[in-house]
Amino acid sequence: MLLTVLKAILLSFSFLSASALPIKDGVSTNSTIRKKASGVTSYPWDAAYQTYGHVIVGGGLTGITVASRLTEDPSTTALVIVAGSDSREDRRVYNFYKYGKAFKSEFDWQYQRDAGKIMLACFAIDVDATTQAASTKLVRQIYKTPPLSWLTTRETIPSFGAVPDPNNDGGSDADWKQWVKGIFGPVAHPVGTCAMMRQELGGVVDGRLRIYGTRNVRLIDAGTMPTQVSAHLSSTPYGIAEKAADKIKSGQ
């Protein structure tokens, strides 16, 4: 997915490859990308002397999708800047059975950085706690309903001691909220790091994915989603990239 612009640029100064991709009919494999690329270089200064219709910092899931859509017009080009050298033909990269050989090789950058300052703002608005409380309460109800109830003997987390259920209705919303706020924490699939919402509320991008305070700089990745949408996010950023490409092509 696309990295935030500043992070991607800083990373790119160390290890960078630049690909000019006038892609017409989508990208599915490394070989497809290779065949459709008009020029691939591991030296970013080569690209500095050329002009492109679009510059995309960060490849991966959303970056290549955006590049593919934007360059459906054969007269348009896109420069995709990604960290690392052009390693798409290396078997250690595309062969699953050889991926272990990439460890402690030139692909292992030993990348280190200072810890960033992150304001998690978990449950900063009531709807977050309400949603999580309702979902966990529903899980309890599911386990109390046949046929799952036939396969369970007791509840260990959160337990009826932590969230009582005297009326056999799943427990009170207030008790669930209290438990949720005391136990929940970030694990994986982060969203909302650069949320799409009003700037005064802490948002980073507007409804067109443009970063506030910039011109023609957009952020296109899962970080723009202000709330969690599913356990696995991969399909949603594809949709974000598609919509972003449509907005850019229409001049929005």
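Note: Cβ is positioned from N, Cα and C throughout, glycine not excepted.
Unlike curated records, TrEMBL annotations are generated automatically.
Annotation comment: TrEMBL describes 1-20 as signal peptide. Annotated domain 'Glucose-methanol-choline oxidoreductase C-terminal' per TrEMBL: 119-241, in sequence order.
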Secondary structure content, the domain 'Glucose-methanol-choline oxidoreductase C-terminal' (119-241) (per DSSP, counts of residues): 46 helix, 5 strand, 72 coil
Integer mean pLDDT for the domain 'Glucose-methanol-choline oxidoreductase C-terminal' (119-241): 90
